[in-house]
Amino acid sequence: MLKFLLTLSFITCCACLRAQVPSDTVDSVFPLGQRISGGNFTGTAWVERLLTVEDGDRPVAVGNVTFEPKSRSNWHSHPAGQSLLVLDGVGYYQQRGEAVRVLRKGQTVQCPPNIDHWHGAANDHWFVQLAMTKEHPDGRVIWGAPVTDEEYRLGIPVEREELSEAQAIETRYRHIATIASLTAIGDLERLQSALGDALDAGMTVNECKEVLIHLYAYTGFPRSIQGIRTLMAAVENREQWGITDEVGREASNIDTTMPKYDRGKAVLEELIGRSLEGRSDYGDFAPAIDVFLKEHLFADIFERDVLTYQEREIVTISALASLAGVEPMLRGHLGIAMNLSITESQLRKVLRAVSASVGSEAGVRAERVLDGVSEQ
């Protein structure tokens, strides 16, 4: 009996030790620092004071804080405010009287001076933040009461709703990628099945139609028209089976006197995130193609609001990934997608859908291009 109790005690201690060490899934850029439990924190956190940035008589303290799941700070305020940068994981942030915000890697928060707030890890995620706090005659931080479990749990449904929305977007991207890649290679039998799956998942007939219309700019009229005919057959068959699909809205009218070339140039600048000066090398060599790209592709097509810019980039990337010899264009559109806040993780899932549709060779080729874009 004594041996059993000692063994049980040893296992419990090991489990406790493991709970005090961040998961391997957390990217701890800086040292963990001092372990803190209790006091001004609920649960366990680690604080590493990194450096002090001199700024006259009010230097800025920079520190790294790592929270285990469910741990959080007390309510507190900063007389001079505070800036937070999320380094990894998922966390919660709340200002007094406002809804809980879910924080993810790469996001920033500007805590206003003298405003009560708290921050910490999400319910089942570690959370790592970089905190920058300026000195003030009243001190850097004024601590308040602990965050109650009831207050903390208000963040859980917000996180779940955001996750549900993200999953819905990724599901939609997968259907778009499958339709685009099968259209690009002309596999009409599987395309008809994929279109049915997309309609079952909630895409409208006009959204599916718009994917196929968009594709003619990248795969040519023959592939696009064959895809549209396949959609016509799919909808007709479903009607015979008693399925009524939502048609969806048409593209809005463009009411502007702005020249079409300038409209297309403005759209392209928004996509790439910078201003354009002059034409590309091929545009100088063949000015007509520059006009067609600006006026037709980026004005006539991209301005059609049945699909978002992000969705149009998923269509484009999926088609280009299905074709050999167009890696420079694929690289450019992967960069555009990232500029439009499509994550690397989402893009890799899109490329896996392409690989499932057209074969692993295309998927591997596209993944290599994405690797290069991600490293830039």
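Glycine is treated like the rest: Cβ placed from N, Cα and C.
On a predicted model such as this, the values are computed, not experimentally measured, just so you know.
According to TrEMBL, the signal peptide annotation covers 1-19.
The DSSP breakdown of the domain 'Cupin type-2' (65-122) into helical (H, G, I), extended (E, B) and coil residues amounts to 0 helix, 34 strand, 24 coil. Marked as domain 'Cupin type-2' by TrEMBL: 65-122.
The domain 'Carboxymuconolactone decarboxylase-like' annotation in TrEMBL covers 166-226 (among others).
Within the model, the domain 'Carboxymuconolactone decarboxylase-like' (293-370) shows a mean pLDDT value of 95, rounded to a whole number. The feature domain 'Carboxymuconolactone decarboxylase-like' is assigned by TrEMBL to 293-370 (among others).
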